[in-house]
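> Here you go, one structure.
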């Protein structure tokens, strides 16, 4: 197994805002390589427990090795399974805290075989759960031009969505699009580079969201947070693009108006300059925290 690394973001802020009981039960809904979990366990007591969820089997195994702490229970499922898992583990009353870090792990981005980045020339895959049915190749080779335009516009906020979709449909007439580099080359003439940002970035984001139903998963889970948390328990959600942040902001706001939660931070929390300097991938992170009433 490769020795991948991933630097967790906003750790100090998470530690300060999520922990309400040092011997409580916490959920890391996006375990990844275990960076946030390892940091939190360093602050928690001996009786604390963290239940970590990740759809990526390799991530779960690497997290277990990286954390190496009996207080972690790592589960190879989506965080949507949290209500059932709490019940199965006979945890009464709910969790003291839930953390979601909705960013892509560095090891997933840097592993060309996963197909998340146009940099490595790997297969067009993009599945978090490699046992899942639909890949990014399935999307680009089977969706109509109208369907591609819709996901590029809605999930990637790509202003040239129609041109990008048309370029893909033209190219796949000759042969199936199979690799990330093939797709990036097809898009290059119609999606020029935006400063330091590759022109295909938003299309790749849109494909990843479509393949993994990311926005639907986030929305469904945030709505059931009151079932997962005990009174006084907190949910901390880190987002990396405006679509996710808008969903979290609006649902927290609605829950607050209905008296289910109170907002711990009324204004979004972003990384300090020093963190961004040391970890460039943290620059777009935004943290929102709510507490169950």
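Cβ coordinates come from backbone N, Cα and C, glycine included.
Predicted, not measured: the structure shown is a model, and the values here were computed from it.
These came from Swiss-Prot, pasted as-is:
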- 34, 35, 36, 54, 86, 101, 108: S-adenosyl-L-methionine binding site (BINDING)
> Ten-angstrom check, please: count other Cβ atoms within 10 Å of the Cβ of residue 101 (S-adenosyl-L-methionine binding site), all chains counted.
25
> Fewest neighbouring Cβ atoms within 10 Å: which of the binding-site residues 34, 35?
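Counting other Cβ atoms within 10 Å of each of the binding-site residues 34, 35 gives the minimum at 35.
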> Any same-chain residues 6+ apart from residue 86 (S-adenosyl-L-methionine binding site) with CB under 8 Å of its CB? Would you list them in sequence order, or say none?
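Residue 86 (S-adenosyl-L-methionine binding site) has long-range Cβ partners 51, 94, 95, 228.
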